[in-house]
């Protein structure tokens, strides 16, 4: 019975014969060693193959007696691959983060009586006794294997650790070698050559020479499991959750501690019924809060890409053995094989951090829902604010936390009243001052005078979004992309943040030779420079993708201002935070994406609850002070209020959650070729039964050229998952341009 096996490569599942002598049902979810391109690789069995009638390479061996993945997870990934028209291997590579490179004890022997002379001298030593496979060339062994002349024995190798001890040797040691040997004799055994060399104050070559001459010996033994993050005691005190009885529920609003107390009660219900719980978070800050609040409830494991490979494998083994009842982790924890998964908690399910930017481009909440259905587990959505999709589920919205909000509305007329605690009579108009309004400057001065902390969020890294000639309006553009070059003042450079192209800023305008190129659109550099000018001598830090200053002084409660992009919100809030400034809120709205307002609303709610105890003053600088999302926050509405209005608009316009979307990008280096291929894709979709309301486009991408490729987009709009899968089937063929599909796209700009 042939098997279908997934490898962590951008390929579909491949078919292999079962290992010689295997009997039993198809071992779905088990790890298996298979021949692949002249070597052996670990794969995972995903089902029975339909490949009958042609010869297959046989799998070499199953690696263990228990599955590495649950059958529900395998089914979830297989369905996702079909629904998204992506190779199954991409999904396995993205979500199965341990077990692909486990150490193996692999031994080989020739089949009794086999003549291997035709394979040359490279296998002359290969006999009927098992020898270590690493003694032979892998390609040559694969050739012998392909002729069924090789017997193989494979088992997982235990992790080993070694130490060096002094012994009596025969050779003569140098004076330095003798001194190093004396150190080892007195202080050994020592765990490594480096430690030994450090203690002996010699180079590693000296101690290596002592080993080579037989005066030291390394002893190996089984290594203890690597340490994992310790559960935090005591856990938060559970509070009645008040959730309805349903397969999918939600708990939003309030502060993290309030939500955790109610989630703790729900988790304990599952644990007492012998179930296991998986709690997924979008970033390190929320993961840390959750771990501190909940890990003391039961046997718990914290799992993310921050663990070493050995730690990840150990956590995996704990889950397989039933010794981890609660997993708190990043999206990488989704695949952990909990034996009795009964509850998946998904924090901040609308966060864009759950969208994988490469590989399968999967959206984690979609897979979490699917896994819950296939595992018979409940799904609980929680966080500061529900997503538009989550709002349709039954649940509880806690009262909004206290917010101190001041709005600087640059777009309001001078006579319009201001909103917020800084709105005082007889002071300079707050709407003056850019990029820091007068009100924000006053608040920053108070922070410095009182020795407190502030965070200013900038919409971008660098000094400015672009340079523009004050005379003719010319803007330097990227030669590979249809985007302006970003200005970086500190290194005096214009840079494209899409392809990396860069050049020195011109002294004169290249178009009119005018003398002045003005920066437009402040970034972290510009705002940090303004703060330093305003508060001379006060500590100012930057935190963005290009520069991540050491923030340890801030987290030690020393005063300072952090100028950062939104990336900072993935960290804990500074402990003495008194002020948060959103320097240009409109950036989150000025994008061609139907989710822009929802993202803006989510950001505001995240900022309100970012600090776990206090309510820092928030200064919002905007040209849209009356935006419904902002208004719902400063009027104290609950977390679901604004989204109810958003849902009404989406239903009217047929956007998610009322339809399923997929974006099809067609790209080529020649614009005409890309456009023609996009038209061919559209015709293929319509010709296969898609309705005109289901296929929108093609149209040029919002940024027509990126990294030298011209792109045209089509948007597929289907009533449900099954219909979307049917619409995507015609795209699986070959096209004259690159065709990429993104199901449930989170960024329609493709940047």
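Glycine is treated like the rest: Cβ placed from N, Cα and C.
Range with TrEMBL annotation region 'Disordered', chosen from 150-172, 173-195, 196-218, 219-241, is 219-241. When each of the binding-site residues 469, 472 is scored by how many other Cβ atoms sit within 10 Å of its Cβ, 472 comes out lowest. Other residues of the same chain near the Zn(2+) 2 site, with their Cβ within 8 Å of the Cβ centroid of 478, 481, 496, 499, are 479, 480, 483, 485, 497, 498, 500, 501, 706, 707.
Along the domain 'Primosomal protein N' 3' DNA-binding' (5-90), the predicted structure has mean pLDDT 92. A straight line from the CA of residue 496 (Zn(2+) 2 binding site) to the CA of residue 472 (Zn(2+) 1 binding site) spans 22 Å. Rounded to a whole number, the distance between the Cα atoms of residue 478 (Zn(2+) 2 binding site) and residue 469 (Zn(2+) 1 binding site) is 16 Å. Its Cβ taken as reference, residue 512 (Zn(2+) 1 binding site) is surrounded by 12 other Cβ atoms within 10 Å in the chains shown.
Considering only the binding-site residues 478, 481, 499, the residue whose Cα is spatially closest to the Cα of residue 509 (Zn(2+) 1 binding site) is 478. The highest number of surrounding Cβ atoms within 10 Å, among the binding-site residues 478, 481, 496, 499, is found at 478.
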